Each structure stands twice: as C-alpha cells, then as structure tokens.
Amino acid sequence: MSFNTFGHLFRVTTWGESHGPALGATVDGCPPGVALDAGMIQHWLDRRKPGQNRHTTQRREPDTVEILSGVYEGRTTGTPIQLMIRNVDQRSKDYGNILDTFRPGHADITYFQKYGLRDPRGGGRSSARETAARVAAGAIAREVLKTLAPNVTITGYMVQMGPHQIDRSRFDLAQIDRNPFWVPDAQAAEDWASALDQIRKDGNSVGAMIEVVAAGVPAGLGAPIYAKLDTELAAAMMSINAVKGVEIGAGMAAASLTGVENADEIEMGADGPHYRTNKAGGILGGISTGQDVVVRFAIKPTSSIHTPRASVTRAGEATEVVTKGRHDPCVGIRAVPVGEAMMACVLLDQLLLHRAQTGATGPVAEIGKNAPE
Ligand SMILES: C=C(O[C@@H]1CC(C(=O)O)=C[C@@H](OP(=O)(O)O)[C@H]1O)C(=O)O
C-alpha cells in the first residue's frame, strides 16, 4: 500500500499542497533512452492550467515544470524523474474563515477527523491543484507510449455539464480545441457557456461527466480477475479529487441491456477481428480487445461555493460557511486533461506489465494468423 503512489512498473508518486511552495511528481520505472524535455511536458500542463478563461478559477499559475532528475542530454536514464511545479499565486487569506470549520461537500471534515490537523490553505492536498502533477507524469507516459505503442491516441472531452448532455448526433472531435469546455458539440459549447455564467453569478457550481477514449490500444493488456484493466482504470480515475463515479463502455447502462443488445458481434477484418459495437468499452475479461478503450467519470460540483451552507465548528457549534476566493464553477472542465493523463499512465504501466509477463508488447495470439490450435 502506498498512500500517494499509483502504478506497478511505471510508478508515479505525487506530492505537494495547493498553497505550499511547490508540488510535483516523482516518476519511477520509466524506461531509459526515451527523448524527453520540459517542453514536452509543458505542452500538456498548459492545457490544464487555471485562469485560461472566464469559466475556470482566476488563480494565475503558469504551471512551469522543472525536471530535476532522471534525464540526461534529452533522454530518460531509467532513474527516478523528479518533476517540480512552483506555486506562485497563492492567496491563503481567502481561507481564514475555514480554519475552524468545514465546507459541506468538501474533504475538510474527513481530513480533520482522520488526522486531527489539516492544511486548509486552498484545500491543501485535496485541492484540484494536485492534478497538475498527474498531468506532468502523464506527459512522460505519452512519450514512452509513442515508442512502445505508437498507434495509441488518447482523447478526452466533456459529455455532460450539470444536467446538460451533449447531442451525440452532433459529435465532432474537431470542436474539442475550439471551446473552453473540451466539448465535441459546438451547440452544447454555446449553451453551456451561458448556463455556467448563470451558475457562477448565483454563487453556485455544477458537476460534469468526462469521457476518455484510447484508440490503437493493442489487444492483450490487463489481466484476469484481480488485475483487470477495468479495475486499474477505475482506480486511476476514481483517485482524481472530486471524482464520484467511473464506468467503462456501456457501464451502468449495461444493467438495463439484454444479452442480445450487449453482445458486441465479431467479424473478421483484413487486420484481425472487428467488433460491430463496443458495449464492452474495449475490455473483456479484464483484458483489452484492441477496440477503443472507453472510460467515463463523474466529477462532483465544486464544493467551494459563494452560497452560505450550514456546517459546524471544530468545537461542534452550528455555523455557516461561505467560501471566499477564486474557484472553478465547474472543476470538471479542467479534469479533461487529467483523465487523459491517467489513461496514459495506466496504459503504459499495463504495457510494461504485459511485456514483463509475456515478452510481447501486443497480442500473443493473433486471430487468423498465429492463433494456437
Ligand atoms: C489552482 C488550481 O485550482 C485550485 C483548486 C481549488 C480547490 O479547492 O480544488 C481551489 C482554487 O485554489 P485557490 O483557492 O488557491 O485559488 C483553485 O484555483 C489548479 O488547479 O491549478
């Protein structure tokens, strides 16, 4: 059990608090010889960083990453890679009024119950700011994946903000980089902008659903029963602060399908088996099928809101909490690059495990080619 570490062979430890001097990730087990520089990591951090438009927190953090170890002359050396991001725009006085009380819906109360003390500034370790470290680690995973599984592409987007869902008949991936919501539906982007403006003006917040799709994943990643690829992905996504639900493929909706509807029929294509549908989300028996791996996760509404909520003090007296400061009216928006990063870390870790166990980086038995009798 490691409290701040995830992964088996590609192991990521994140550290740091929202208002401390810095935060970062220690990446251990990264294969040697992979081209890496700070710019490659910065590219992904720039997609997550706060303050980029009116729909996110106005805290201004450049999220500039420094590589302190594990890279020599532009290549990974196989030793731990230490990544550091300095915090530069902390405003800890905003948190003066929650020193002695707890925001409803927030980790404030459980951190205090468990440890007897907490760093309340910016939520400390429970802050969404911790996700910067994950994105930095995910950027390294992506560079390694380019060398070991070059066909893998990972794409995340929002499919729901509060009650507003995208219209899949308008689904257009080209829209993702054209709106602040990473939403593949131009009409939804417009509608959501005004809805979120109203939520913010009301001193309120909303939740979100993010979908992350990994294409080009070879068949064979993952393992049965206790080491299912589904389990690993669910744990990775659930570990993101504010995530309250994860599903793979048809997910919760599978409960209402019949066996006929759920069976992803198989036919032979020129390059191997093709599936007519993807209810399985690219995973059967805990092992990737070669189809798109599809994960969705639900992010709760930001608990730091400007509307008074009933709470208690440490002494147990009734009080009311109004959160001050700069907050995301929908923290789910910035979770899109985070979900992508977690997908990259899990897929690389699973690829390394598959290689360690079987010696292969792809399927051992190829249907229609070398499948053993
Ligand atoms: C800074 C980031 O997000 C922060 C996440 C956060 C929270 O409570 O989760 C609260 C806010 O921090 P602060 O109160 O210090 O302004 C956000 O700005 C970030 O993600 O980089």
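The backbone N, Cα and C atoms fix where each Cβ goes, glycine too.
All TrEMBL annotations are machine predictions without curation.
When secondary structure is read from DSSP and collapsed to three states, Arg48 (NADP(+) binding site) falls in the helix class. What TrEMBL lists as NADP(+) binding site is Arg48, Arg54.
Per TrEMBL, the feature FMN binding site maps to Arg125, Ser126, Ser127, Asn241, Ala242, Gly285, Lys300, Pro301, Thr302, Ser303, Ser304, Arg326. Around Thr302 (FMN binding site), the same-chain residues six or more apart in sequence whose CB sits under 8 Å from its CB are Ser205, Ala242, His327, Asp328, Pro329, Cys330, Val331, listed in sequence order.
Taking every pair among Arg125, Ser126, Ser127, Asn241, Ala242, Gly285, Lys300, Pro301, Thr302, Ser303, Ser304, Arg326, the residues listed as contacting FMN, the largest Cα to Cα separation comes to 44 Å. Counting every protein chain shown, the number of other Cβ atoms lying within 10 Å of the Cβ of Lys300 (FMN binding site) is 18. Rounded to the nearest whole angstrom, the C-alpha distance between Ser304 (FMN binding site) and Arg48 (NADP(+) binding site) is 19. Most Cβ neighbours within 10 Å, among the binding-site residues Arg48, Arg54, Arg125: Arg48 holds that distinction in the structure as shown.
Spatially close to Ser127 (FMN binding site) yet at least six residues away along the chain are Glu17, Ser18, Asn241, judged by Cβ distances under 8 angstroms. With a cut-off of under 6 Å between the Cβ and any atom of ligand 1, the binding-site residues Arg125, Ser127, Ala242, Lys300, Thr302 reduce to Ser127.
Among the listed binding-site residues, namely Ala242, Ser304, the Cβ with the most fellow Cβ atoms inside 10 Å is that of Ser304.
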